[in-house]
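**Student:** Let me give you the structure first, and then I'll get to my questions.
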Amino acid sequence: MHLVLSLLCVIPLYLSFMLTFFPPMMMYLNANELDTVLVVIQTPEEDLCDLDTHHGLTVVELYIMPASFLTVLILGLPLNLLSLWVFTVRLQRWTRSTVFLFNLTLADTSWLLALPFLIHYHLNHMYWNQGLPLCIAVRMFYHNYFYLSIFFVTCISVDRYLAIVHPLRSLVLLDRRKACLLCAAVWTATLLLSIPVARMTLIQTCPGSNRTVCTLYVLLRETGESLPYSLICSIIGFLFPLLAICYCGLRSIRELRRRPLHPDHLNKKLRLRRLLGAVLVIFSSFYLPYHLSRNAAVVIRAIYPDSPASWRPADTAFVLEMCICGLITCVNPLFSCLTGRQFRNEFYGTIAAMFPRCPRMQATSKGTQMNLRKRQEVSSVAPVRALPAPRP
């Protein structure tokens, strides 16, 4: 059954991949003519063409960004591939949260698979020689990933809210099949949300050289389309999910406080507080600075359109934030361990089997297995009926 669910969840990723790459490949038939038109419409961006090493932005783009992306790829790809293996092979029972966590891992993996192109681009001194279709696809994947991650974390919070506040109705409102359909809707919605990125992604030739660059819509000189688009994405893809997560978390904690004291309720409240705290830390550490720096870079361009020197501080902050946000792919497997108890047990057990000489991992694995056995023993003990009183 879990294999069928995993296939149902992989289908949206496949459709997203095809819908992302197919339009650029169709555009490839007239790529040369299209490149010429784009160069005429937009002047080359100074942030991408001026590689003066005295500027902090150039240092970040040529050295810090490829180093950070390479580090994230080395750390994040094994963690997420291991997580996918645990989801598809080790987990015997899939819940609604398992479906959402599996799709979150799929989103992480798809973003990591697009990183080698960006690493090569920045190590090659910002010289893009892969053509316009791949440039569009990489930029769309990069932009699409952040909102996939945000929406799936929001789905997990809503699932916990329904399970605690509306436990009976949640079985009808959101079963595993509907969870898979919701994941497909998330993949489709984020893909549609990132279509304007394809329209604003250009290949430009720098003046005085034959170096071609793959532009980023945030760094475009013209802000007539990028400014409203960035603000709309921030509201729909960041602010609304953050409000939903805060509401679901606070309502769930309030509901648990109203219930009579019980060890199980105390454990649920503790786990819920940890989950809410982890989500707020992720949002405040990664997503909030990313959206603030991105909007600042676009707004400053709109305010000072003829002063490129005034753009550099905001651009540098945004590019640095792009490097920091890549760490989310390394954090999300830990978030999955915090959220899914069964996934955590299997994940720790798999790592302990891979590193048998690590005493700490062996102790952690044994501890999780003992806790799991205790819960199974408690749940399997049947209540003992009281003996009837002797008749006089």
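Placed from the backbone N, Cα and C atoms, the Cβ positions cover glycine too.
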**Student:** Among 11-30, 271-290, where does TrEMBL put the label transmembrane segment?
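**Tutor:** The range carrying the transmembrane segment annotation in TrEMBL is 271-290.
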**Student:** If I count Cβ-Cβ pairs under 8 A between the transmembrane segment (99-121) and each of 63-87, 141-158, 271-290, which range comes out on top?
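**Tutor:** Between the stretches 63-87, 141-158, 271-290, 63-87 has the largest tally.
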**Student:** If you average per-residue pLDDT over the domain 'G-protein coupled receptors family 1 profile' (79-336), what number do you get?
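**Tutor:** Per the prediction, mean pLDDT sits at 89 for the domain 'G-protein coupled receptors family 1 profile' (79-336).
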**Student:** Is the number of Cβ-Cβ pairs under 8 Å between the transmembrane segment (317-335) and the transmembrane segment (229-250) three or more, considering only pairs separated by 6 or more positions?
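**Tutor:** Taking Cβ pairs at least 6 residues apart, the transmembrane segment (229-250) and the transmembrane segment (317-335) are not in contact, as fewer than 3 fall under 8 Å.
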